[in-house]
Amino acid sequence: MSHLKESDITPQEWFLNRRQLLRTIGAAGLLSTPLNAFADSSLRFQPNPQYRPDLKLTDAEHALHYNNFYELGTDKSDPYRNADRLITDNWQVRIEGECAKPQTFDMDDLLAIEQEERIYRFRCVEGWSMVVPWIGFPLSKLLNKVEPTSKAKYVEFISILDRKNLPGQRFNILDWPYREGLRIDEAMHPLTLMATGLYGEALQNQSGAPLRLIVPWKYGFKSSKSIVTIRLVEKQPISSWMQATPSEYGFYSNVNPQVPHRRWSQAKERPLGSFFKKKTLMFNGYADEVASLYSGMDLRRYF
Ligand SMILES: Nc1nc2c(c(=O)[nH]1)N[C@H]1C(S)=C(S)[C@@H](COP(=O)(O)O)O[C@H]1N2
Ligand SMILES: [Mo]
């Protein structure tokens with residue numbers, strides 16, 4: 001895919017994407033095509049050199065066609081096949097709860113925050129993994145805007161509820177809407193990203209458009225897609241997965257090769273597109289950055 005090459009080889013400078021190019025041409029009066037025809041892939045971002053590990057990127061063909069997004073179906077190919085069932089027009093995100101300035105943001109507000117590209121490892125609890133270039137901004141930048149109070153000990157993330165259009169929400173596979181949570185220090189951690197794009201373009205629906213969370217040291221299910229509400233709370237929230245199967249899915253869900261899932265080992269993972277497995281790293285390779293968040297905690301108990 002051509003956009004994979006774009007994000008891969010673009011040096012550390014502002015990336016002039018197609019829409020900007022079109023806007024420039026349009027402003028010069030050379031173009032008559034309505035610019036909103038290209039709106040869904042517009043994103044201006046800067047690669048962050050701090051997060052460009054020397055790792056081979058997963059082929060976009062895999063990352064965009066093998067997904068977990070139960071609102072769009074439970075087969076790995078369902079999210080891509082049913083992508084148009086997710087309606088993202090006029091998307092807004094409400095940030096509320098324990099904060100001085102609760103606010104509703106639209107996507108223009110969020111895209112006005114400086115967007116950066118970061119290459120992260122991503123590890124699903126099921127045992128597959130990928131290395132992909134997300135675009136977005138640290139969640140802390142957004143949370144600081146609402147001024148969390150001292151009672152904000154946790155953050156809850158609530159995804160879209162649209163039973164009429166989302167095929168998966170016709171079934172009680174999970175307790176909808178999809179809910180996840182982080183401790184406030186995890187949410188404020190510089191690695192925690194609100195993603196708006198992937199492979200140089202705005203998020204595709206199957207990836208959780210228009211806005212999803214990325215917490216690279218935790219199993220993938222903590223990285224909620226298509227978020228509509230972020231709630232600052234005092235008590236530890238109960239995620240949809242904890243509610244569905246408390247014995248298998250804990251609140252923390254840090255990637256940990258030493259703590260097996262109830263039904264399988266977590267020692268190894270299969271990178272998407274690869275036949276061979278490789279060893280899973282503690283905290284998915286981010287131990288230097290995040291291990292201190294859990295010092296003194298028994299990670300078998302707080303799984
Ligand atoms: N709203 C919502 N978010 C979700 C999910 C989901 O079913 N619904 N699945 C999670 C799981 S299990 C994983 S592994 C990742 C998958 O992200 P990807 O499809 O972009 O790889 O999304 C997570 N976020
Ligand atoms: Mo997952």
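All residue numbers here begin at 1 and follow the chain in the order shown.
A Cβ is built for glycine as well, from the same backbone N, Cα and C atoms used for every other residue.
Feature annotations, courtesy of TrEMBL:
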BINDING   N67, Y70, E71, C124, S159, R212, S223, S224, K225  Mo-molybdopterin binding site
DOMAIN    88-240  domain 'Oxidoreductase molybdopterin-binding'
By a simple count, how many Cβ atoms lie within 10 Å of the Cβ of S159 (Mo-molybdopterin binding site), its own Cβ left out? 25
Maximal Cα-Cα distance (Å) across residues annotated as binding Mo-molybdopterin, namely N67, Y70, E71, C124, S159, R212, S223, S224, K225: 18
In three-state DSSP terms, N67 (Mo-molybdopterin binding site) is classed as coil
Using Cβ atoms only, which residues of the same chain lie under 8 Å from S223 (Mo-molybdopterin binding site) while being at least 6 residues apart in sequence? F122, E180, G208, R212, L213, I214, V215
In DSSP terms, helix, strand or coil for S159 (Mo-molybdopterin binding site)? strand
Could you find out if DSSP has K225 (Mo-molybdopterin binding site) as helix, strand or coil? coil
Averaged over the domain 'Oxidoreductase molybdopterin-binding' (88-240), what pLDDT does the prediction give? 98
Might you list, by sequence position, any residue in that chain lying six or more from N67 (Mo-molybdopterin binding site) with a Cβ less than 8 Å away from its Cβ? K76, D78, P79, Y80, Q206, S207
